[in-house]
Every structure is written in structure tokens, then in C-alpha cells.
Amino acid sequence: MSELEQLRQEAEQLRNQIQDARKACNDATLVQITSNMDSVGRIQMRTRRTLRGHLAKIYAMHWGYDSRLLVSASQDGKLIIWDSYTTNKMHAIPLRSSWVMTCAYAPSGNYVACGGLDNICSIYNLKTREGNVRVSRELPGHTGYLSCCRFLDDGQIITSSGDTTCALWDIETGQQTTTFTGHSGDVMSLSLSPDLKTFVSGACDASSKLWDIRDGMCRQSFTGHISDINAVSFFPSGYAFATGSDDATCRLFDLRADQELLLYSHDNIICGITSVAFSKSGRLLLAGYDDFNCSVWDALKGGRSGVLAGHDNRVSCLGVTDDGMAVATGSWDSFLRIWN
């Protein structure tokens, strides 16, 4: 037996030992614990608004913290800020690169950010004295595409990239202050914890990781998916998170139990998941799929409670407002829909 084979076997044994140790701590399943709970019943949501204006596939959207404005990014090379109440466009920002994959709204509402195949995170100031929107900072440094970005505040932003790393940036200086390394595949998505002290990432190595923003260390790793993880989203409590993968499943992982609690899948669903988000209470998990639909799952019992159907192409992104009153879905059909 070659030395490499021996090392592979040792690694496999260690992996099994870790899994056994995790299982030993698992004294009950979520299905058992929630068996006495009522199911949420059928969830029926209607499209209340359709936001028309993009001329090509929409790749990303993010709600502002006022639960009214949202930003969307499209292959047409535009970043649009929408008023979801009136469907008016507040700003249409032409981008230097039309190959945009992510966008983010700052908590203050003063800035939006975007990035993609240009490997750069571009920050735009919405509140300039002149009234026009302009690039206030460009953050180059990643050696792969930018897959996701989220503001901590007006001065800091976290990015994930196809170069297998995530990074914390000081926007003022334009420098990476922390680099988060540990994934062995493209990092596709990140989600900030409610207390903004940690974040979780999902990657093409089929694993998700919990990172400490303060010291840059990976605190926990979670496996179980058998294909790329495209989306991650923290549970509102901050003690769990959901993932969506190309293996056609969503999974719920618990940080304190250090393991997977629940799998969300259906025999009829054989396509990948592009995006996931929880309702404000955490009882519902919404997931966008390649088959043009968005499924609504009972997050605690694991059953499918509804489907949001209406897009004519892949649902590429979705988000729930901070006040929990509406869901937005964005699609390759070039439209955004607001549901409740």
C-alpha cells in the first residue's frame, strides 16, 4: 500500500470518528421534538408587485433595512434601486462590468455594493451631495470572481470569492483586513449572523463553515451535501443556518448541536437550489430553484407548505424583508416579484 493510500485511509478513519462523536451527542431528532407541533398548513402567497426594468437575467437582489427599498443586479450591466411600494426606480446605476453576480445594501441605506467576474467589489454612494450616484471605492484583491458580499456597516464589508477565500475589508482604506481561508472550492455564498460577530459560508467543496469575524478563524465545518452549496442563510436566532445545494436538497445545520438537523427534499424536485431565506419567525424556509419555482418549507417539520410559481425562468435570488412582511424573488426572466 502506498503512503498516500495509507494517509487517505487514516483521514477517512478520523472523519468517521468525528461523525461518531457527533452522533453520540445527538440524543433526539428535530422530527421527534416537533412531532406534537401543528404543521403550518398550506402557505399561499400572491405576487403583489412585479418590478420591470431590467433587460437581461437578474442575478442578485438584497433588501434595504427599511423593508421598502431593494437593490437588484442584472446581466444588462445595471444596478437598480427599487421602491417596492410604488415599483418606481430610485436609481439605475450603470456598471463598469456587466458580469455582476452579487449585490448588497448597507444597513444605513447610504451605500450599495456589487461585484462579479471582474473580481472587484465596487461600493456606490447613494447619498452624494450632488445627488448623483458614483463609485466611492473599488476593492480589488480577490483572484477569482466575487460571488457574494454583505456590509457589516458603512466602513466594513465581507466578500466571498471563487478564489476559495472570504475577506473582510476596510472600505475607507480599500484594504483586506482579514482573509478567511479553509475552503477547497469556490465560495458561493455567505450569511452574517444576527449579532454580526460570525458569518457562515457555503462552497463548491460541498461544505459550509462558520467563521469568527474578529479573529478570522474557522470555528466549525459542516458536511452532508453531495454537490456544490450555492446558498446559505442564518436562522433568525443565530443558532442555526440553512444551505441550498445543486444536489436538489436544502439542509438545516445547528451550531450548538454541531450537526445537520433536517433535510428538505421532494421526489419531484431534481434541480439545484440557487437561494434560501427564512421568514422572520424562522418557521418557514424559502428556497429558489432552477425549475422556475420557489418552494416554501416548514422549517421545523420538514414538509413542503407551498410553492411560489410565476417566473418564466430560473429563480436566481430571493430575500425576506427585515419586518417579515414580504418576499422578493429575482429571476433570469428579467423580472422581480414581490409576494406576501
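A Cβ is built for glycine as well, from the same backbone N, Cα and C atoms used for every other residue.
Keep in mind that this is a model prediction, so the values were computed, not measured.
What Swiss-Prot says about this protein:
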| type | residues | note |
| --- | --- | --- |
| MOD_RES | S2 | N-acetylserine |
| MOD_RES | S2 | phosphoserine |
| MOD_RES | H266 | phosphohistidine |
| REPEAT | 53-92 | repeat 'WD 1' |
| REPEAT | 95-134 | repeat 'WD 2' |
| REPEAT | 141-179 | repeat 'WD 3' |
| REPEAT | 182-221 | repeat 'WD 4' |
| REPEAT | 224-263 | repeat 'WD 5' |
| REPEAT | 268-307 | repeat 'WD 6' |
| REPEAT | 310-339 | repeat 'WD 7' |
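The repeat 'WD 6' (268-307): residue composition by secondary structure is 0 helix, 21 strand, 19 coil, according to DSSP. The list of residues near the repeat 'WD 6' (268-307) in space but at least 6 beyond its ends in sequence, with Cβ under 8 angstroms from a Cβ of it, reads 30-31, 34, 37, 39-45, 227-228, 230-237, 242-250, 252, 262, 313-320, 322-324, 327, 329, 331, 333.
Per-residue pLDDT, averaged over the repeat 'WD 7' (310-339), rounds to 97. According to its DSSP assignment, H266 (phosphohistidine) is coil.
Look at the repeat 'WD 3' (141-179): DSSP puts its residues at 0 helix, 24 strand, 15 coil. On a Cα basis, the residue listed as 'phosphohistidine' lies 42 Å away from S2 (N-acetylserine).
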